[in-house]
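Per Swiss-Prot, the features are as follows:
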BINDING   Thr11, Thr12, Ser13, Thr264, Gly307, Gln311, Gly411  ATP binding site
BINDING   Thr11, Arg81, Glu82, Tyr133, Asp242  sn-glycerol 3-phosphate binding site
BINDING   Thr11, Arg15, Thr264, Gly307, Gly411  ADP binding site
BINDING   Arg81, Glu82, Tyr133, Asp242, Gln243  glycerol binding site
Amino acid sequence: MSFVLAIDQGTTSSRAIVFRSDISIAARAQAEFPQHFPASGWVEHEPEDIWTSTVMVCRDAIAQAGISAKDIAAIGITNQRETTVVWDRATGQAVHRAIVWQDRRTADICAKLKADGREPVISEKTGLIIDPYFSGTKVAWILDHVPGARARAARGELMFGTVDCYLLWRLTGGKVHATDATNASRTLLFNIHTGQWDDELLEIIGVPRSMLPEVKDSSARFGESVPDLFGGAIAISGIAGDQQAATIGQACFRPGMMKSTYGTGCFALLNTGTTPVVSKNKLLTTVAYQLDGKRTYALEGSIFVAGSAVQWLRDGLGIIKHAAETGPLADQSDSMQSVYLVPAFVGMGAPYWNPRVRGALFGLTRNTGPAELAHAALESVCYQTFDLWAAMRADWPSSETASVVLRVDGGMTASDWTMQRLADLLDAPVDRPVIQETTALGAAYLAGLNAGVYPEPTKFADNWRLEHRFKPNMSEATRERKLAGWARAVKGVLASDEGA
């Protein structure tokens, strides 16, 4: 039997999962690593921590599976997107800590780009908005704030990469400087229409082309690991950013299929096929995956607060001790009350993109208690998903006639209550898969596809297994009343922003 090793390098931990040829899991390992917050709004990682934790979990997973390097057909990598590393081409030493996707230090750079009228051309070419979230301005900041870095970059001495690229470079002993199209599409430097780094974008943001990696298919022979890492060389044959990898792991290969990943926040992607749809509703247009030189696109929406709303119930209010208590508690709520939580704890993401507003509760009465607050917190995740759903269907009219499928993954999907309410408010089935490790599975599939372990996408999709389908069970009148109440609550929060 052949095995595939998936590296899932995340924001707070590195994970490795060994998949069998039938996509069942043979072993898994995880290791957390330190977070660094040197200033307000700044988030950094030590690149060496990313590297050492990744190697450690790979070795642990291989040992747990009772296999050796010769049994592993390929390695697939998936990663926290946008996080930026710049290192010395000769020594391999990072010139600065990795600047994490959450980091907001480049807000002034972004504001200047907008003030200079650069957003239309950047958005048209990249499908993104100008925001510190993305890699390009992070690279520019490093070049301008590390002494001598910009001059060194101009001389070709420095390399840039997202986390996948950095790991690939280290795994191959510094032989391969490459990334895939999904990660490239999150940099503000990549033209999603041509599939290439864009000279105009590089000039606008101030990043030398010599720093950039080669962009390849998501399933491709990137190189092989140096033998002394895992007891033998292993082909590295698949790379994708974490949300795109989850889309692949959910087998969302048909246009109109949509996945939502629920963790601290929520990321939803809608497959739009070979057409890059330009959003008119503040969604992002991104590369879902690239196979055989052909790009498949997606609309993406980001929700900042999903699972963290439940954490707030536990840590902020103290009304629960464990997340699993929220569903039963919500079931006890008074059906006559209409309490809405708009959880804009750190502003609002798509489709509103307002970083200034803050959260609010609406509809409180003397009888409002823990059950009603739990109900409102769980429903807020569903309402926010509905907003993304509605924006996506407005941006891509084909979804009105296509068979729209919502597949969910992430820790919060363990809540049957939340998933049922999600189906009710979307008026669409919500599918929860048997394999919840969808992000790692996506990376494994891309690697295994290139290595000949896994079949082409349509056949792989046949192996996707449903654990539970949540079917809508709410009257149209109730659904419309509840959604109208949510819309009023959001309007109230947005109106509270003096800059609105």
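A Cβ is built for glycine as well, from the same backbone N, Cα and C atoms used for every other residue.
Remember, predicted model here, so these are calculated numbers, not experimental data.
Sequence-distant contacts (6 or more apart, same chain, Cβ under 8 Å) of Ser13 (ATP binding site) comprise Gln30, Ala31, Glu32, Phe33, Ser53.
According to DSSP, Ser13 (ATP binding site) is assigned to a strand segment. Between the two most distant C-alpha atoms of the annotated sn-glycerol 3-phosphate binders (Thr11, Arg81, Glu82, Tyr133, Asp242) there are 15 Å. For Tyr133 (sn-glycerol 3-phosphate binding site), the nearest neighbour among the listed binding-site residues (Thr11, Thr12, Arg15, Thr264, Gln311), judged by C-alpha distance, is Thr11. Note: the CA-CA distance between Gln243 (glycerol binding site) and Arg81 (sn-glycerol 3-phosphate binding site) rounds to 8 Å. Put simply, Gln311 (ATP binding site) is 25 Å from Glu82 (sn-glycerol 3-phosphate binding site) when counted between their Cα atoms.
In three-state terms derived from DSSP, Gly411 (ATP binding site) belongs to a helical segment. Here the Cα atom of Asp242 (sn-glycerol 3-phosphate binding site) is found 10 Å from that of Thr11 (ATP binding site). Cα to Cα, Thr12 (ATP binding site) and Arg81 (sn-glycerol 3-phosphate binding site) are separated by 13 Å. The two recorded residues, Gly411 (ATP binding site) and Arg15 (ADP binding site), show a Cα separation of 16 Å. Of the listed binding-site residues, namely Glu82, Asp242, the sparsest Cβ surroundings within 10 Å are found at Glu82. Highlighted in sequence order, Asn79, Gln80, Thr83, Val100, Trp101, Arg186, Gly241, Gln243 have their Cβ within 8 Å of the centre of the Cβ atoms of Thr11, Arg81, Glu82, Tyr133, Asp242, the residues recorded for sn-glycerol 3-phosphate, and are not part of that set.
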